[in-house]
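Copied over from Swiss-Prot:
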TRANSMEM  30-50  transmembrane segment
TRANSMEM  74-94  transmembrane segment
TRANSMEM  117-137  transmembrane segment
TRANSMEM  184-204  transmembrane segment
TRANSMEM  235-255  transmembrane segment
Amino acid sequence: MTADHIDETAAPLIEHLAELRTRILYALSAYVVAVVLCYIIWHPVFTFLTHPICEALAARGQACQLSLIKLQEGFFVAINIAMLGGFALAFPMIGFQLWRFVAPGLYRNEKRAFLPFLIASPVMFFVGAAFCYYIILPMAFSFFLGFQMGDVVAGADASDPANQMAVIGFTGSMEEYLKLTTKFVMAFGICFQMPVALTLLGKAGLVSAQALASVRKYAVVAMLTVSAIVTPPDVMSQVIMFAVIYPLYEGSIFLVRRIEKKREAQMRAEGTWIDDDEDDEA
């Protein structure tokens, strides 16, 4: 191999690295700007995140109050909101920079096949996060608050022997509440990526609807394991997570089956489809 040939092959690599550097800088710049913006408005963001717990407490006639257990807790809550919120805010820009880096190396038909999944991924994440925030969190918090005891509960009769016991009431920590809420929201957002990921694999021919259906029982075990890992360590949270993930898995099978039928119809029209029976005879 001559020196000239080495130089010719090295040039495209250097160009790719330069392009990668440019895209990373754009993505990081967008993230930094988003982090600064979210830090400035961290208090309204945190107030928005407390709506589910405040509504659950209000339904029980209790005041909504979260405490600073540690002196530095408020600062770290603001930092966490800035970092997580900044990533969520900058995610479309990060995805766009990823696409700008990958797209030049794809054929036109590959771009048409891949672009819908690139758009669907953040959309499904935000759908999962919204589903968690507006539906799952109110249900979960109402369930958890049901374990309060004593006259802290609105309408409880203090003269009732059943209420003459140690008062067990909710005294929330800002940091712990943020951790719990973001863990729920992120978990549901990530789990809502399942149809996107499996459909993309089906589009690429790496998985089939029949294969996904045949490993359903193993998938159930995997879903239960994931539910136990990504949710708080209580049965109710894990059951809620599994009840959402499983329909997504079945929906993924349906989408992959539709892709397979569309591919088969196209190949039959082109005369390139080979039936299994014909393949066996050959």
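In case you wondered, yes, glycine gets a Cβ from its N, Cα and C as well.
The stretch in 30-50, 117-137, 184-204, 235-255 that contributes the largest number of Cβ pairs under 8 Å to the transmembrane segment (74-94) is 30-50. Outside the transmembrane segment (184-204) by six or more residues, the chain places 84, 113, 117, 120-121, 124-129, 131-133, 136-137, 140, 212, 226, 230-232, 237, 241, 244-245, 248-249, 251-253, 255-256, 259-260 with a CB less than 8 A from a CB of the stretch. If one looks beyond the transmembrane segment (30-50) by at least 6 residues along the same chain, the residues whose Cβ comes under 8 Å of a Cβ in the stretch are 64, 66, 77-79, 81-83, 85-87, 89-90, 93-94, 97, 174, 177-178, 181-182.
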